[in-house]
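What follows is a short report on a single structure.
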């Protein structure tokens, strides 16, 4: 009996020692693991339940935060205002010629374009009733003041805005291998019985057609080419946000179905509006190229820009660089050379214009930015001749 009891006690002591040794061994393993480099920990098969629970909790919390942030961003409706500006040569106070608000939420599968005719009547202080319309407010009181009136008419809060002039539109169309001057003439034409209502609707149809016909091509462009096109716009919408919305529209396949793009006119749509779309054949394009009015305009613009450049060079040589800069800056910001169809003439004027701007500007940061943008443009458009010349501009 005692023998059996002794054997039993001995066995229990052995078991207890085994448990203690095992516990020590396990904790030693955990301690050792904490000193092993992170990349080697993945190879361990022994993981502390406490550590695992802590890691899982942190991962879950981080995931919840990420999901919440993503949900908040994706559920937001973005209202982006696009303003097409009509500015005469050297005029720093443009009129709002095209007014369209793109409303889109990444959580939805449709996009809305709200259009407001430029001739929409508003209360405009100290202005005759016949001239008190939205486009003129842009010219008289500026873009910021006009945005508040647009918000009131449209019934939406604008999150960001983009502006684009005639020259920039031509630059964008040309870069996308689309008809230039004929398209711009279509967008500006208001020789209709209902005038601005039809023109505004034509512009909205064009924007819709661009999305359904060319968005896929634009999406597949390299990121640097997208950014190059984006630089043709001014405003307060940053490129990263614009790119995010482009990605979201692509993921939702909105551009694949015209019914996903809804057109609205504010304050109200005319019942006499027709569904007109631009569809230029090669014969139509050739007709535009041979148009006497168009040829005359091109020649006048070329002479205007060359005279502006040569006159500025004379003022620089006479020591009046600041005066030359004041004459140059607005036409330069308007990128008027983009309205010239002849590629050789357009590129030469662009280069000469940039050169005199660099010679008259006193801001080193602006000069560096202008040269960098010019070099990037030359690279993107494979303009090797002017890429070499750009090296000389960098020395100014």
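Cβ coordinates are placed from backbone N, Cα and C, and glycine is handled just like the others.
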**Asked** Between 20-38, 39-57, which stretch does TrEMBL give the note transmembrane segment?
**Response** 20-38
**Prompt:** Where DSSP helix means H, G or I and strand means E or B, what are the helix, strand and coil counts for the domain 'Cell envelope-related transcriptional attenuator' (95-173)?
**Reply:** 31 helix, 23 strand, 25 coil
